[in-house]
Structure formats: structure tokens, C-alpha cells
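S.K.: Right, I'll just put the structure down here and ask away after.
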Amino acid sequence: MAAGLRKRGRSGSAAQAVGLCRQWLHRAWQERRLLLREPRYTLLVAACLCLAEVGITFWVIHRVAYTEIDWKAYMAQVEGVINGTYDYTQLQGNTGPLVYPAGFVYIFMGLYYATGQGTDIRMAQHIFAVLYLATLLLVFLIYHQTCKVPPFVFFFMCCASYRVHSIFVLRLFNDPVAMVLLFLSINLLLAQRWGWGCCCFSLAVSVKMNVLLFAPGLLFLLLTQFGFRGALPKLGICAGLQVALGLPFLLKNPVGYLSRSFDLGRQFLFRWTVNWRFLPEALFLHRAFHLALLAAHLTLLLLFALCRWHSTGESILSLLRDPSKRKVPPQPLTPNQIVSTLFTSNFIGICFSRSLHYQFYVWYFHTLPYLLWATPARWLTHLLRLLVLGLIELSWNTYPSTSCSSAALHVCHAVILLQLWLGPQPFPKSTQHSKKAH
């Protein structure tokens with residue numbers, strides 16, 4: 001009798017869930033004109049797009065030719081570690097030395113075994129297809145929580161980008177692996193799981209160093225939320241994980257490991273640049289140009305931190321204090337404050353990168369809808385924002401890059417930066433002042 005009651009309870013709850021789903025779909029159909037414009041329908045549109053992406057990605061894998069670029073080099077580098085070489089200066093592939101941190105080695109070691117020592121390309125493509133769908137899911141969860149971007153924009157973020165599909169399933173670069181871990185980290189931060197979020201962030205850095213472009217934003221958020229002393233354990237998690245992952249290589253040749261996997265002075269080839277094609281090659285390679293970009297990058301980060309992110313009326317040094325001892329005690333960070341700070345930090349780094357290669361597109365591709373639509377601007381209509389997205393996509397799909405494509409990319413970046421600077425602050429002053437008065 002008890003078993004029968006349990007069965008009735010389960011069937012009743014299932015029927016109730018089905019009924020709620022039907023009501024929700026019926027309401028969505030009645031409001032179908034708002035379906036593509038209202039952010040509250042993000043999850044419904046996301047579900048439809050993810051289903052479409054399953055078919056599109058499968059079609060791309062089976063109909064478009066795979067192009068070998070770095071996969072064999074990855075496998076050769078990992079194979080060296082499997083064979084017992086832990087000196088990073090001795091690990092080589094057919095495209096050059098191993099220049100990625102230890103997390104890359106462990107993850108691609110797993111792919112090495114899963115793909116028959118790297119020979120089963122089709123299996124690798126299907127794994128990266130799953131990785132692509134996981135990335136979309138994590139990105140949609142972020143957009144659902146921020147509730148800023150109209151769902152029609154997600155079509156351009158999914159089905160309309162040839163370059164991104166190519167990077168994931170036709171080139172098998174390591175950049176997507178780093179980014180899926182980064183988006184997992186952001187979801188954990190949004191859930192107020194700061195320790196786990198920092199752990200996943202560090203794991204993403206251990207796959208590819210570009211994730212460090214988000215680090216200034218993350219540091220600002222940690223100081224805002226916890227103060228200097230409170231942030232130290234979280235920063236310790238990031239540092240400790242890097243040491244733990246790199247320990248076998250650090251014990252063998254610490255200088256070789258650090259100089260190869262975290263080489264900030266690495267020189268890029270002019271032939272592959274997407275963003276600086278209009279410059280003379282001599283200027284592109286000149287150290288003074290690199291230092292000027294670094295200075296501009298740091299200056300703009302400082303300006304955003306002082307004028308956009310920090311707006312309590314106190315000195316920015318107040319972030320170093322314990323939150324309970326500040327004149328304006330901090331409130332829990334909202335999803336938009338977290339996402340805006342992290343995405344803006346990364347985007348500033350992209351704008352002043354010494355060089356962008358084609359696979360680097362995924363470093364910020366999925367953040368572009370938020371950067372364009374989260375900040376209201378009367379002068380930037382939906383049509384103009386779509387035009388910016390289209391020009392960026394066109395610039396990244398122009399191969400080889402031209403002076404015009406590089407210039408167009410910089411103009412689009414400048415438009416986004418201007419909107420981020422002129423738009424409403426993610427940390428509004430009025431809110432802080434009213435709380436202080438209360």
C-alpha cells in the first residue's frame with residue numbers, strides 16, 4: 001500500500017510538472033512577439049538553439065574537411081611527457097616547443113588516450129563538439145542570470161559563426177578548453193561559490209595563459225567582496241593549484257617550466273596577425289610598440305577601476321580594508337556587476353593585444369552580446385549593434401587578414417569601449433549613497 005502511495009505521488013508530481021511546462025509553453029506562444037525580445041525567455045530560446053546546434057555541429061564534422069594545424073603538435077608534446085620527459089625545454093612538437101602550462105598537458109593527455117594516441121580525429125571532433133555544447137550551456141546560464149540581452153541576439157552567437165565552429169571542431173585548438181573552464185568559473189562566482197570559482201579559474205589559466213586577461217576584474221571583485229585579508233585565501237587557491245599542477249615540471253627544471261609556460265614576452269609572427277595588419281612589420285615586431293600597448297592596457301584598466309567599477313565615494317584603497325570597517329559596507333555583488341567587470345577586463349586586454357590569431361576569437365566571442373547589449377545607449381540601436389557584430393565576424397573570417405579587416409576590427413572595438421565607458425555604471429553611486437544614508 002505504501003508503495004502504491006509512492007507511485008501515485010511520483011505520477012502526480014510528474015503530471016504537475018508536465019502541466020506547468022504546457023502552461024509555460026502556451027504562454028510563450030501567446031507572447032511569441034516578445035519571445036525574441038524579452039530576456040526572461042533566454043532559457044527557452046537557448047534550448048531551441050542548443051538543439052539546432054547539435055545538428056549543425058554534426059553536419060560540420062561530417063561535411064566539412066578537418067584541417068590539421070596544432071593537434072599533432074599537441075599530441076607529440078604530450079607523448080613526450082608520457083615517455084618520461086619532464087623538462088619543458090625538451091618538449092617539442094612539429095610546430096614548435098610546448099608553451100602551455102601543466103593543466104594543458106594533463107587534459108590533452110586524457111585526449112591522447114581517448115583518441116588512440118591522437119590518431120582518431122573523428123573521435124576528437126566529437127569530444128570537442130560536446131565541449132562546444134557545454135560552452136554554450138554555460139554561457140546561456142550566465143546570460144539567463146544577467147537578464148540583459150534580448151534572445152534574438154543568441155542566434156548570431158550560435159548558428160551564424162563559421163569561425164567559432166571551425167575553431168572547436170575543425171581545428172581542435174586548446175583555446176576552447178580554457179574558455180569552457182573559464183565560463184564554469186564565472187557560473188560558480190555567480191552562485192557565490194568563490195573558492196570553487198577561483199579553483200576553476202586557475203585551472204583555466206593552467207590550460208592557456210590568455211585567461212589571465214580576466215584576472216584584473218577577478219581581483220577587483222575579490223577585494224570588493226572580501227577585502228585584502230579575505231581575498232588572500234582565494235588568491236592562495238589560484239596560486240596553490242598552479243604549483244600543484246606544475247610540480248613534476250618544477251622539480252625537474254623550474255626556470256624552464258616558468259619561462260616556457262608563462263612567457264609574457266613571446267614574439268608573434270606578423271603573417272598570422274588579425275588585428276595589426278595595417279602596420280609595417282618592423283613596427284609590429286618592435287619592443288617599444290609592445291610596451292606602448294601594455295601601458296595603454298594598464299591605463300585603461302586603472303581608469304575603469306577608478307571611474308566605472310569603484311564608485312562608493314571612498315578611495316580605491318578602501319578595498320584593501322575589511323568590508324565591515326568601510327564607511328560604505330559592501331552589498332552582495334549582483335550578477336551584472338560580476339559579469340560586467342570580468343567581461344570588460346578581458347575585452348580591454350583583447351583591444352590592446354600585441355597580436356590576435358584566428359583561434360583567439362573564442363577568447364571574447366561569447367561575451368560580445370553582453371558587452372553590446374547590457375549597457376543601454378540611445379545612439380547605439382539594435383541595428384547598429386548587429387552591424388558591429390557582423391563586422392567583427394567578417395574581420396575574423398577574412399583570411400589572410402587585410403589592412404581594411406584589421407582597421408574595421410579596431411573601429412568595432414572602439415565603439416564597444418566607448419559604449420562601456422559612457423553607459424550606466426555597473427556599481428551605481430546612487431545605490432551606495434542611499435544605503436549609506438539609511
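Quick reminder: no glycine exception, Cβ is built from N, Cα and C everywhere.
Because TrEMBL annotations are produced automatically, they should be read as predictions rather than curated entries.
These came from TrEMBL, pasted as-is:
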- 41-61: transmembrane segment (TRANSMEM)
- 98-115: transmembrane segment (TRANSMEM)
- 127-146: transmembrane segment (TRANSMEM)
- 177-195: transmembrane segment (TRANSMEM)
- 201-223: transmembrane segment (TRANSMEM)
- 288-307: transmembrane segment (TRANSMEM)
- 360-379: transmembrane segment (TRANSMEM)
S.K.: Considering pairs 6 or more residues apart, do the transmembrane segment (127-146) and the transmembrane segment (41-61) have at least three CB pairs under 8 Å?
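M.R.: Between the transmembrane segment (127-146) and the transmembrane segment (41-61), contact is present.
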S.K.: I'm a bit unsure how to read this: which one of 41-61, 177-195, 288-307, 360-379 has the highest number of Cβ pairs shorter than 8 Å with the transmembrane segment (201-223)?
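M.R.: When the Cβ pairs under 8 Å are tallied, 177-195 comes out ahead.
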S.K.: What residues elsewhere in the chain lie close to the transmembrane segment (41-61), defined as a C-beta under 8 angstroms and at least 6 residues from its ends?
M.R.: 28, 34-35, 122, 125-126, 129, 132-133, 136-137, 140, 143-144, 147, 149, 151-152, 154-155, 158-159, 165-166, 168-170
S.K.: Go through the chain and flag residues at least 6 beyond the ends of the transmembrane segment (288-307) whose CB is under 8 A from any CB in it; none is fine as an answer.
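M.R.: 216, 220, 279, 316, 344-345, 348-349, 351-354, 417, 420-421.
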